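Written out below as structure tokens is the structure these notes cover.
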């Protein structure tokens, strides 16, 4: 990957991330409150659906930029060593590495954002200060493991499926795809990936919102999933799946469509 491609991926990824996170923030708030242990209405219901948006705004650009720079760089490195049949494996590896890097930026902003969403009467700044006072800087990374373990399976489904759908559409029309077509493929791939990984998203939300020192806050994903299963059953494991699928399908359309458009413009 040369400098021009690097810059294009950086800017396109950052712009795409900002577009999605700010446009669809209310759906994300509703999803978080549906998944919280205290329940939807106690967590704020439909009140203050933009609570936590400053945290999302700060983290969106660098988070998405870090993902796509890593994703495109990894694809570029392995492109000369793999055949067409092995392309999905390259996409899976690239997406996994991208998520590991991006989560270093995403998790602290996600922790603050979700705690503010679940406590809309408290400002983002106050939530940040409280988190630092109670748990220190390390507390901002609570849920890093659960976030990575949610994002990697998600990306293992979304990005190979996105690339596959684009390739099929490209072959059928015998030429280059428009950005809106890449966006449609992104919406379909994102919706499928969002639904199948909802239980992991529920576990991540419980871990991030748990009080410091509790067993849930320890970050043991299998234990948290069992706790959700025992207390709420299958509906609990898929709590928030409808807004999550809606959010990520629309997000996939905007995110991947905007990414393709901006990147092609810069190249």
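Placed from the backbone N, Cα and C atoms, the Cβ positions cover glycine too.
Annotation comment: Swiss-Prot describes 4-77 as repeat 'Solcar 1'. Annotation source Swiss-Prot lists repeat 'Solcar 2' at 86-168. Residues or ranges marked as repeat 'Solcar 3' by Swiss-Prot: 177-265. Annotation comment: Swiss-Prot describes 5-25, 49-69, 85-105, 142-162, 182-202, 238-258 as transmembrane segment, evidence class sequence analysis.
Comparing 5-25, 85-105, 142-162, 238-258 for CB pairs under 8 angstroms to the transmembrane segment (49-69), the maximum falls on 5-25. Under DSSP, the residues of the repeat 'Solcar 3' (177-265) split into helix, strand and coil as follows: 75 helix, 0 strand, 14 coil.
Residues 71, 88, 91-92, 94-96, 98-100, 102-103, 106-107, 110-111, 135, 185-186, 188-190, 192-194, 196-197, 200-201, 203-204, 207-208, 217, 219, 221, 224, 252, 256 of the same chain, all 6+ positions outside the transmembrane segment (142-162), place their C-beta atoms under 8 angstroms from a C-beta of that stretch. In the predicted model, the repeat 'Solcar 3' (177-265) shows an average pLDDT of 89.
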